[in-house]
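Chemist: Following this message is one structure expressed as structure tokens.
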């Protein structure tokens with residue numbers, strides 16, 4: 001094959017190419033504008049140390065959403081022009097975000113090469129399709145998202161960019177076929193290695209979990225199982241892991257064929273969007289006579305999030321991470337020698353705090369964004385972490401990992417039933433959660449999401465909540481006028497985090513109202529939507545009395561919900577009488 005050449009293309013900056021907590025997310029039509037994607041990719045190459053680009057190996061893959069295949073070809077041509085030596089691509093451009101992290105950390109090429117980073121093409125749980133969302137983010141050599149020092153540099157570069165490099169005469173690579181395609185350029189050879197990433201990922205999972213113990217559970221006639229990939233990239237792993245490795249019936253897989261538009265659905269694993277799974281698990285509105293499975297789980301578009309369900313029972317993500325942490329040492333071989341520490345994002349309930357205190361574990365509360373966990377893990381300070389937004393993970397990689405969370409839960413259920421598979425009744429998901437509440441108390445918890453709110457109105461609402469914090473006596477007067485049956489507000493602030501590893505400070509990470517009985521109200525503007533603003537309200541109440549841990553969550557939280565919505569003047573500012581999603 002002849003030499004490919006390098007072309008310098010003149011360009012001008014686009015406004016708003018600032019990567020949020022999980023990269024740059026915009027509508028597909030925005031990314032399809034001439035030079036838009038190219039500007040961001042070149043700005044990223046220019047922000048990285050030279051040795052992480054020239055002669056390096058990078059991964060380019062994602063959740064398979066619409067525009068991914070075009071983007072892979074564009075980025076590959078730009079990588080060649082910028083002196084990258086090898087590009088690793090998941091077959092059909094498919095690679096889950098956790099698998100990308102695992103590949104960066106674990107995979108060794110046939111020539112001994114290791115990846116220094118990755119362009120991940122995903123907008124996670126946002127919808128896909130020609131008129132929906134696309135996203136791109138860069139992960140570093142530790143397998144985790146680029147830190148703010150790098151993303152700030154990328155954004156700065158996008159504001160001044162005047163040219164980018166591309167090898168337009170490099171042919172498109174057939175990414176549907178596994179194998180290495182080699183080219184020659186001005187600086188020597190350039191290879192594109194298309195591979196099935198599920199092989200590397202499964203190999204890693206087998207070093208963490210006891211697959212034989214899980215298989216005994218999944219093949220027991222008493223245990224029934226259902227996994228919903230919501231037509232996201234998790235489907236590319238589900239059959240290999242749950243059916244071929246662990247013996248589940250193929251009929252237990254729902255929506256496990258990855259689709260560019262996620263089947264027209266919203267690939268967000270919650271009670272609103274995972275409708276089919278929710279119905280099957282007996283939590284829907286229709287009354288079916290079919291007995292639900294014992295265990296159900298769902299993934300989002302890029303397979304880093306998870307939802308865990310029992311028969312007619314929802315496990316909150318905040319409870320999920322606490323229960324995994326409480327049971328990890330005895331249930332999961334990877335943690336047999338103990339946990340280094342645990343961490344949660346600030347809006348996540350304090351259920352994990354109580355476990356950490358009881359088990360005498362190091363505990364960290366961090367801002368929203370997985371990179372904060374990554375720092376702690378790189379420093380050997382944290383083993384298990386989670387966030388209320390359906391993200392759970394451990395230090396095996398530097399991303400949250402939806403399939404890992406499912407395998408963790410299956411490991412716990414298998415351990416609790418190891419002497420019981422021949423008995424009359426299994427210890428169920430609900431049993432495990434209720435046992436946990438009896439031991440540690442229950443954190444009643446809910447989240448209200450107001451999506452696509454006018455950005456100006458959202459900012460005004462948040463500013464008002466901050467200004468009110470200057471006088472707690474005034475706040476308490478208002479609170480008592482709204483509801484006399486809630487505790488007193490004892491502290492209120494904007495959450496600020498000083499990273500114990502690198503000393504960096506993250507300000508304005510959410511507005512908190514803390515009550516004397518351990519209850520909390522938290523308000524945040526989310527950075528992951530592509531249009532308008534999303535206001536998230538987190539409402540939490542701690543109940544230590546085990547005789548009171550069985551109440552309906554929304555009933556238990558009704559007084560605090562009333563306070564949250566009236567104190568913030570939610571309807572007044574947003575015009576919304578109800579949230580878009582309640583979790």
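Note that Cβ sites are derived from N, Cα and C of the backbone, with glycine treated the same way.
Summarising the annotation, Swiss-Prot assigns alpha-D-glucose 1,6-bisphosphate binding site to 25, 124, 304, 305, 368, 387, 389, 400. Residues or ranges marked as phosphoserine by Swiss-Prot on the basis of similarity to another entry: 124. For 124, 300, 302, 304, the entry in Swiss-Prot reads Mg(2+) binding site, with the evidence type similarity to another entry. Feature annotation from Swiss-Prot assigns active site, phosphoserine intermediate to 124; the stated evidence is similarity to another entry.
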Chemist: Fewest neighbouring Cβ atoms within 10 Å: which of the binding-site residues 300, 302, 304, 387?
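Modeler: Comparing Cβ neighbour counts within 10 Å for the binding-site residues 300, 302, 304, 387 gives 387.
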Chemist: Cα-Cα separation of residue 25 (alpha-D-glucose 1,6-bisphosphate binding site) and residue 300 (Mg(2+) binding site), in Å?
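Modeler: About 16 Å separate the Cα atoms of these two residues.
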Chemist: Test of understanding: give the count of other CB atoms lying within 10 angstroms of the CB of residue 400 (alpha-D-glucose 1,6-bisphosphate binding site).
Modeler: 28
Chemist: Quick one: what's DSSP say for residue 25 (alpha-D-glucose 1,6-bisphosphate binding site), helix, strand or coil?
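Modeler: For residue 25 (alpha-D-glucose 1,6-bisphosphate binding site) - judged by DSSP and reduced to three states - the answer is strand.
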Chemist: Please work out the number of neighbouring Cβ atoms within 10 Å of the Cβ of residue 368 (alpha-D-glucose 1,6-bisphosphate binding site), leaving out its own Cβ.
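Modeler: Counting Cβ neighbours of residue 368 (alpha-D-glucose 1,6-bisphosphate binding site) within 10 Å gives 24.
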Chemist: Ranking the binding-site residues 124, 389 by other Cβ atoms within 10 Å, which is at the bottom?
Modeler: 389
Chemist: To the nearest Å, how far is the Cα of residue 389 (alpha-D-glucose 1,6-bisphosphate binding site) from the Cα of residue 302 (Mg(2+) binding site)?
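Modeler: Residue 302 (Mg(2+) binding site) has its Cα 14 Å from the Cα of residue 389 (alpha-D-glucose 1,6-bisphosphate binding site).
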Chemist: List the binding-site residues among 124, 368, 387 whose C-alpha is within 10 Å of the C-alpha of residue 302 (Mg(2+) binding site), in sequence order, or say none.
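Modeler: Matched binding-site residues: 124, sequence order.
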Chemist: What number of additional C-beta atoms lies within 10 angstroms of the C-beta atom of residue 305 (alpha-D-glucose 1,6-bisphosphate binding site)?
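Modeler: Summing over all protein chains shown, residue 305 (alpha-D-glucose 1,6-bisphosphate binding site) has 29 other Cβ atoms within 10 Å.
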Chemist: What is the set of residues, excluding 124, 300, 302, 304, whose C-beta falls within 8 angstroms of the centroid of the C-beta atoms at the Mg(2+) site?
Modeler: 63, 96, 97, 122, 125, 232, 267, 299, 301, 303, 305, 402
Chemist: What span in Å does the alpha-D-glucose 1,6-bisphosphate site cover, taken as the longest CA to CA distance among 25, 124, 304, 305, 368, 387, 389, 400?
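Modeler: For the residues that bind alpha-D-glucose 1,6-bisphosphate, the greatest Cα distance is 20 Å.
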Chemist: Listing them in sequence order, which of the binding-site residues 124, 368, 387, 400 have their Cα within 10 Å of that of residue 300 (Mg(2+) binding site)?
Modeler: 124
Chemist: Near residue 25 (alpha-D-glucose 1,6-bisphosphate binding site), how many other Cβ atoms are within 10 Å of its Cβ?
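Modeler: Excluding its own Cβ, residue 25 (alpha-D-glucose 1,6-bisphosphate binding site) sees 24 Cβ atoms within 10 Å.
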